[in-house]
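Scroll down for the structure; my scribbles are underneath it.
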Amino acid sequence: HLQESESENKLDGETASDSESKSEFGGSPPVPTSDDTPEVLNRALSNLSSRWKNWWVRGILTLAMITFFFIIIYLGPMVLMTIVMCVQIKCFHEIITIGYNVYHSYDLPWFRTLSWYFLLCVNYFFYGETVTDYFFTLVQREEPLRILSKYHRFISFTLYLTGFCMFVLSLVKKHYRLQFYMFGWTHVTLLIVVTQSHLIIHNLFEGMIWFIVPISCVICNDIMAYMFGFFFGRTPLIKLSPKKTWEGFIGGFFATVLFGLLLSYVMSGYRCFTCPVEFNNDTNSFTVDCEPSELFQLQEYNIPLVLQSVVGWKTVRMYPFQIHSIALSTFASLIGPFGGFFASGFKRAFKIKDFANTIPGHGGIMDRFDCQYLMATFVNVYIASFIRGPNPSKLIQQFLTLRPDQQLHIFNTLKAHLVDKGMLGSLEDA
């Protein structure tokens, strides 16, 4: 036990400066370490060793979470957005609570209130932008919404500025450094949690497949890396997470790429997954119906000569999206885990095992979504870089808000351009 504790201290890399900072910030935050496994599972698994008990607890709870995931997908995009919002709030709460345990030791005012106020401000800014982009017609139809949309950024800045002034007024002599430390804590948390959840919702609007496949790949990689590591793991991968092994990392990669290809093939055949999520102004509801784009139409690809002798085929029919799924699953397997390593480093810095005890055997919500947030950013950047082009419907919406003389100028410019390219004449002849 002594050797283990010594190695743990070395692993955490604690130095004299860390000890000094502990004295200023009131020591490590107290975190409950009691067994949070449901009593029913404790009784059923009482005869197993702690290693296998943990394996069964994680497995049963994982199946329960996957079932819940399927249910919310079935309930549609609006429920998915609501769940994303709830997860964001819970993740924010878990991270801020760790900071509050340090901050509260001096009984300094307003930190918790200001943290939640800034969360409200940032959500108002991001979701206001989303409403303006995706519900433009509805916004223009309602006078109050139109005014809020027009001055949205000014209102958002005013709200943030109010919180900024409140923070300055809350400063207490002799604790300035600690308060600025916690001010930075709040803003970094907002950057990590709120920005990423906003990107997840943007991905969802591009089509549910862009939401489901990346999340599923991260889940698959997490499960398969654990399975390969549990049964075959021998070689430690990274000091931040001593239980992670190279066997689990490599096995998880190949399993995730294969899973991504299969899941993409199945989902690409259904419009409800491939069509963008749009708001129907006539029914005031979300619709997911369109003519599938080229990404989701089967095409024939030539197999490289090197592989033809191995597989015995010259060509293969697959959806173009499956090729993109290889990029998504590769990121989920090779780079996505670094979100987990980052979270592990954060937890080790504060000597805590998990962010919370929300899910038995898994820790807090943030413990399950540390890789998802990094994945959401990649998917959003990937779509913007390689998939999404100009949106004709949005361009038309913006065009209709212009003054008549501006609309006429754009019409004449576009007409002259089409005539020069010879397209307008051919359309008139047809």
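Cβ atoms here come from the backbone N, Cα and C positions, even for glycine.
Automatic prediction, not curation, is the source of TrEMBL annotations.
Feature list (source: TrEMBL):
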{"type": "COMPBIAS", "residues": "1-23", "note": "compositional bias 'Basic and acidic residues'"}
{"type": "REGION", "residues": "1-38", "note": "region 'Disordered'"}
{"type": "TRANSMEM", "residues": "110-127", "note": "transmembrane segment"}
{"type": "TRANSMEM", "residues": "154-172", "note": "transmembrane segment"}
{"type": "TRANSMEM", "residues": "179-201", "note": "transmembrane segment"}
{"type": "TRANSMEM", "residues": "207-233", "note": "transmembrane segment"}
{"type": "TRANSMEM", "residues": "245-267", "note": "transmembrane segment"}
{"type": "TRANSMEM", "residues": "321-343", "note": "transmembrane segment"}
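Among the listed stretches 154-172, 179-201, 245-267, the one sharing the most Cβ pairs under 8 Å with the transmembrane segment (207-233) is 245-267. Of the candidate ranges 110-127, 179-201, 245-267, 110-127 has the most C-beta pairs within less than 8 angstroms of the transmembrane segment (154-172).
Sequence-distant contacts of the transmembrane segment (245-267) (same chain, six or more residues past either end, CB-CB distance under 8 Å): 209, 212-213, 216-217, 220-222, 224-230, 232-237, 273-274, 318-319, 321-322, 324-326, 328-330, 332-334, 337.
Below 8 angstroms of C-beta separation, residues 25, 81, 84-85, 87-88, 91-92, 95-96, 99, 102-103, 108, 111, 114-115, 118-119, 122-123, 126-127, 130, 167, 170-172, 211, 372-374, 376-377, 379-380 of the same chain, each at least six residues beyond the ends of the transmembrane segment (179-201), sit close to that stretch.
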